[in-house]
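As structure tokens, the structure follows; a few thoughts come after it.
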Amino acid sequence: LGRMKPVIVVHGGAGRIFKEREEGCRAGVVRAALRGYALLKQGGSAVDAVEEAVRSMEDDPHFNAGCGSVLNEKGEVEMDAIIMDGKNLDSGAVSAVKCIANPIKLARLVMEKTKHLLLTDHGAHLFAQAMGIPEIPGEKLVTERSRERWKKNLEPDSNPEEFQKDLGTVGAVAIDSEGNVACATSTGGLSNKMIGRVGDTACIGSGGYADNCSGATSTTGHGESIMKVVLARLILYHMEQGMSPEVAADTALDYMKTRVGGLGGVIVVNKAGEWAARFSTKQMSWATVKDDNLHYGIYAGEKHIKSVDEALASEREGF
């Protein structure tokens, strides 16, 4: 059996990325991709790699996941996450969780330690306690930026829809040297959302899907629209019909736009290790490592390429 060349693709969310946050978003997705790739190079699994990449972005306040998550109508952080293993279609997800630093770690434990796929709110909280996951004060996850936005959205003449464009869900997909694929997605959801609102991220087939027979994908964008078209599974369906990752992604995003008026972005890897990062929003921060080369960008048509060694060197110098 020929060994696969490992590939990882990550996204830091589709939407509108404000100028002053561009560099931080670029650096954040690059760091996440390099971390995931380092695991794959050591023979680590696709599941390990996507979890590590997403954890890295949850810990980065530039993204709407983990620390830096947006606030719900009551001013609290409620997070959703999913992870999926393409080998046997095992998956784990959590929704509306509070007071933990890394929802993706909890999602993985749901996958590996329970017979269930999705735990929510209080039940997820009890499970986290049972698994010894430390609880952190909710305010530890709240950044100045999230609080500012929450306040703005509370003003009588505000239009939260305007701010929703800057979404920042994070995700990763990978294929390892064994040819197994995996996906992971994590988010703080929509700013000023209703308490208990769960979007696409925790929903298998919407926020992500992974199947060794076709590939893996992670999505970002308007959650309700993504759920209506089951976006992640739709992309894999198109690849099963013979489309390349790029064409499959564009076709599905186009359908979501025309059918329900929804915008978003996706990252994809197929079983042959071909990848794509596509979006219908203004921007999406993304990064890929394949063949020891790092590719990354934010704007449509933007693509920087560096060798991994060069990227790691500048990483050490602080980008």
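Quick reminder: no glycine exception, Cβ is built from N, Cα and C everywhere.
These numbers come from a predicted model, not from an experiment.
According to TrEMBL, the features are:
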ACT_SITE  T169  active site, nucleophile
BINDING   R197, V198, G199, D200, T220, G221, H222, G223  substrate binding site
Legend entry - Cβ atoms near T169 (active site, nucleophile) (within 10 Å, other residues, all chains): 34
Inset, instruction - With the residue listed as 'active site, nucleophile' as the reference Cα, tell me which of the binding-site residues R197, V198, G199, G221, G223 is the closest one. - result: G221
Inset, instruction - Report the largest Cα to Cα distance, in Å and rounded to a whole number, among the residues R197, V198, G199, D200, T220, G221, H222, G223 that the record lists as binding substrate. - result: 16
Legend entry - Which same-chain residues, if any, lie at least 6 apart from G223 (substrate binding site) yet have Cβ under 8 Å of it: T187, G189, L190, G199, D200, T201, S206, G207
Legend entry - Surrounding CB atoms that lie within 10 Å of the CB of R197 (substrate binding site), all protein chains: 17
Inset, instruction - Across all the protein chains here, work out how many other Cβ atoms are within 10 Å of the Cβ of T220 (substrate binding site). - result: 32
Legend entry - The one of V198, G199, D200, G221, H222 whose CB sees the fewest other CB atoms within 10 Å, among these binding-site residues: V198
